[in-house]
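Here's the structure, in structure tokens; my notes come after.
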Amino acid sequence: MAEGVLVTRNLTKRYGPFTAVDNVNLNIEKGQIYGLVGRNGAGKTTIIRMVTAQTVPTGGEVELFGATAPADLSRMRARTGAMVETPSFYPYLTARENLEYYRIQRGIPGRGCVDEVLNFVDLAKTGKKKFKNFSLGMKQRLGLALALMDHPDLLLLDEPINGLDPEGIVEFRNILLDLNREQGTTILISSHILSELANLATHYGFIDGGHMLEQISAKVLAEKCRACIELSVDDAAKAAQVLEQAMGVRDYEVLPGQVIRLYCHLDEPARVTQTLVEGGVALRSIEQKGANLEDYYLGLIGGVRHG
Amino acid sequence: MVNYMRAEFYKVFHRRYTYIFLLVLLACEGLLVAGWAFTNANGNDVGFDFGAGVLAMMLSVGLYCTVLTGDLVFSDQYKFNTLKNEVSYGLSRLRIYLGKLLVSCITALVLCAVIIATYVGMCWLVLPHDMATAGQTLSNLGFCLLVALPVWLGCQALVMMFFFLLRSNTVASFLIVGVIMAVPQVLKLLGAMVHPVFRYAYNVMLTPVLDAAPNMVGDWRLVGFACAVGAGWFLMSTAIGVVIFRKREIN
């Protein structure tokens, strides 16, 4: 059984009458890149803030590396690296001084790790430039450097690519993929930029209005979102036979309710229709289906909300 | 805790603010002593005993300096949002609170020692002094400092409490100055006009103890009372600060 790195049970946060996070159950296992998907205000940041002790849950439980007791949780947090919202550092210190401050504070031995991680995020040559004079991209990279400094087993990243230019986004993605593949780092990444998450995540959690709508692996999601022609017919068994014989169709599935999904001949709907009619099958409807992550999420939350 | 405090010292001594704060205070002292030397050159007679004795009259200034030493260590944590980097790594809020409090106290003591030693040294070098009376002057000054130190530390804890509890350092600073300056005056007035119980409350405020020191040199009961007042403010402020900070949202 895979090791549960981060588990939440009925995690809840209320601010007066407003419930920001409502009984959320997360389960992130070792080695996963878990994409937390939701619009602004869905509760993504609040979940991460509860996991990182920045805010106290109103109810429920956080389990990190198997620990749930407050003192144990504190110790386990030292195995995590976090970048929550905008990276924050002392503006009057340089990148190296800021990281050195946190290195001393965290009791990480050896100054080498500061240079190592600055090289890793390409900030080694910033010299005496103070944090207050950094560009947003540089600030994001310094935030990542801090999160990575102690070689964390779990990375918690909240909207980490906000403000990065396209080149920066690619670099950032590659860094995360390398960490995951080479060091086995588990990553929780929240974002509303779904196209970017689609390039990274191995698992997804879809959240809206503080509720966890669905947790799904990228593999299952890909299956669900796979492009197909969906046919509704009077006799699905006969239709399958006709298609196999006349068109050599092999990649299809028969669903309940006399529905067939074809995963081939996607660009030949007219030929499919003609073949079925000639084979004596009554076609009720034909529809091209398939979705990307964005469509899937919008489908879950019931479409785009206006106003 | 040791690592936490080392890091705080690293930050304090890598800030220009620390050195500017120190230089400004030393420059003010230099101007004051130079001014006296200048008047002496024009027939006045300001000696070491008077110059050093002035310090005993200015013990309350130390209370206001704790706002600066507190700010030096706390460093606008809420404005820069840096506390999230500490709590998310699993550092306990108690450690964060006590670490910053202890570092602010030690920093205040070190800066205080430098500032007082420099002032007394400048007075000794620049103003005329008599070996016979200088010893007594220094002894009196030492007594006043013994009274002042616990009260200053109590005030430092109060300052840190306000910095931890309020998002704005500016608002916190105004409130601290209010507690140091205005509250004793209000209590004094209420003591005279409403009920004597306010007079007792006035006596355990921070400034009255310091104001009494130059007139009660040699009375060791005052040192004991100052220690009690200082410890009371220190413990009460720290307890309130820790309890509230433990539940505080870090944004």
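Note: Cβ is positioned from N, Cα and C throughout, glycine not excepted.
Whatever TrEMBL says is automated annotation, not expert-curated.
Under the heading transmembrane segment, TrEMBL lists B:20-38 (among others).
Positions annotated as transmembrane segment by TrEMBL: B:50-74 (among others). When Cβ-Cβ distances below 8 Å are used as the criterion, the transmembrane segment (B:50-74) is approached by residues 8, 11-12, 15, 17-18, 21, 25, 33, 36, 100, 103-104, 107-108, 111-112, 116, 119-120, 123-124, 127, 134, 137-138, 140-141, 144-145, 147-148, 151-152, 155-156, 158-160, 163-164, 169, 173, 176-177, 180, 206-207, 210-211, 213-214 of the same chain, each at least six residues removed from its ends.
As annotated by TrEMBL, transmembrane segment applies to B:101-127 (among others).
Residues annotated as transmembrane segment in TrEMBL: B:139-166 (among others).
Positions annotated as transmembrane segment by TrEMBL: B:173-202 (among others).
Residues annotated as transmembrane segment in TrEMBL: B:222-245 (among others). If you look at the transmembrane segment (B:222-245), the same-chain residues 6 or more away from its ends with a CB under 8 A from one of its CBs are 93-94, 96-98, 101, 143, 146-158, 160-161, 164-165, 204, 206, 209, 212-213, 216.
A Cβ distance under 8 Å defines the sequence-distant neighbours of the transmembrane segment (B:139-166), meaning residues of its chain 6+ beyond its ends; these are 52-53, 55-56, 59, 62-63, 66-67, 69-71, 73-74, 77, 97, 100-101, 104-105, 108-109, 112, 116, 120, 172-173, 175-176, 179-180, 206, 209-210, 212-214, 217-218, 222-223, 226-227, 229-235, 237-238, 240-241, 244-245, 248. A contact between the transmembrane segment (B:101-127) and the transmembrane segment (B:173-202) is absent, since fewer than 3 of their C-beta pairs, 6 or more residues apart, lie under 8 Å.
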